[in-house]
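S.K.: In case it helps, TrEMBL gives these features for our protein:
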type	residues	note
TRANSMEM	12-29	transmembrane segment
DOMAIN	95-275	domain 'VWFA'
REPEAT	405-438	repeat 'TPR'
REGION	452-605	region 'Disordered'
COMPBIAS	535-546	compositional bias 'Polar residues'
Amino acid sequence: MNALDNFHFLRPLWLLALPALWLLLWLMRDHFSTQSPWRQIIDPALLPHLNQSSGGGSGNTRGPLVLAVLGTALASLALAGPSWRQLPQPVYDSPLHRVLVMDLSTAMNAADIKPSRLARSKLLAQQLLNNQQEGDTALVAFAAEAFAVVPLTSDRGTVSHLLSSLSTELMPSAGDNLAAGINEARHLLEQGGANRGDIIVLTASPPDAAARDAVEHARQSGFRTHILAAGTPQGAPIPAPGGGWQRDSRNAITLARLPANELAELARSGGGLYRRVDQAGADFRLKPAMAFEASASGPSEDRFQADQWQDEGAWLLLPLILIAASAFRRGWLFGLLLCLPLLQPQSAYAGWWKTQDQQALEHFHAGDFATAADNFKQREWRASALYEAGEYEKAAELWSTGDRASDAYNQGNALARSGDLQAAIEAYAKALQRDPQLSDAQANRDLLEKLLEQQQQQQQQQQQQQQNDTSQSAQDDSSAEQQTSDADAEQDASNAADQAQSQQDPSSAENAQSAQGDDAQNADAQQNAPDENSAGEQSDSTQTAHGSDEAASEETSDASVQSGEFSPEDEQAQAVQQWLKRIPDDPGGLLRRKFERMQQRRQAQ
């Protein structure tokens, strides 16, 4: 009786489809006509002889009509959702929220736990991230002040990447303001809309009254505070930035001792757990989510569940399947069989609950930078994807549209990668105009200016060498031409002397007839001498010219060989790569500048 009293339909509007379907069946009554379709082509007197009943096969033709009526009725009732009982169902999903608070005071550089307190704390925080499977995580760093490194996000990769970049040198001022770190974590949880959450502090700083008040305030807001203490009670010296150890006012070495009792008391007052970093490994392996469990003081399980009416319409599908099976006729359901391959299409990423930028970010983290660049709508992320994909010119073009110092700095990096050093230097200069304290831009600009100057010197030396080779070749050619012209002049003078001798006075010829033979021999000797000398000089000059041509050809061949092995483009690309390798890889540089700007903004307020 109780079930009948509770019986109702969850979606009663579907019952309106029942008369509509029955009306459709009535309109299609000709299709279910009791008349045999053979009557249209065969004489009724002959039908009995064809084993047809006198009624035209009414028993066979009424079956589909009855099955259609029952099928539509069952389908409408199933869609209406009949229900008569309630079952407990989860109606409220409380996502897990936690904030990792990292102590970056100078005491974290102590090495009483190897390799250092900070290194072991970062390793433990990384282990927490790896064991985390759900929920959102934020990251806070503090020293004299606290700064939000990453707001609440489900992207563990971003938190892990920035966590590995943390160091004590990033903080703009030294200190150990534990209260500031806890308050900053509470603000992030409140901004993220979290009603419950966990603040996990990895610290070696001694708590003060302000820290105890911050923990109490966080607990009143619904957030527990867990303490993961880094260090030992015996302590260790603190390394100084310039080498050696930090000393106090009496010039004694400062020992950073862990205030274990005070930190344990602080964790208890915050409703959380206390563990030492160097002793938490076993607990975290056995119970990796010990700090991420739901708060013991939180709402009970009943508050996250409620009774909901159970839809029993699925049971009506069983007789509907039987009706469909009994209605099987040759050719009726063959068309449905053709649709079976369409029931399971190839899997595709729908991304209904993610924006296009979120989908592109997944491609970016997966290493598919080209697809990420095509899908990103945000200019900065698209430029970063293009840069990672090797499209430096397109990335530089996108960054050129920005008005921030970081845009100009990234544009300079992309231009430097593309080989346009002069444009990269101008981009770095623009970044320094917008932010004069951008040390990375200053360093990169100086390096590229030296590289550009070196390239210009190399080009000038190559041009000067080519000019020297050209002038030497021209000088050798002119010397050969001069020697050849001198030989021609001596030949012309000899020919003129012979002509003058042949035109002497006949009287003198008769007087000297006796000596004509000797003179002729002497003349022949004189005539042959210039020829031999000129020939010898011409031969020498020719040999000299060939020698210079050979030397020039050898130099040219050597130069061509060197040019073939190291062309100017290859030398420039090689030089660019060498200088780019000298650019310091400082992933924490952006965080350092971010903290400095946040500190300046706070001081201005």
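Backbone N, Cα and C define each Cβ position, glycine as well.
TrEMBL: automatically predicted annotations, no manual curation.
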S.K.: When DSSP states are grouped into helix, strand and coil, how many residues of the repeat 'TPR' (405-438) land in each?
M.R.: 28 helix, 0 strand, 6 coil
S.K.: Which sequence-distant residues neighbour the transmembrane segment (12-29)? Criterion: at least 6 residues beyond either end, Cβ under 8 Å.
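M.R.: Distal contacts: 65, 68-69, 72-73, 75-77, 79-81.
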S.K.: Averaging the per-residue pLDDT over the domain 'VWFA' (95-275), what integer do you get?
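M.R.: Averaged over the domain 'VWFA' (95-275), per-residue pLDDT gives 89.
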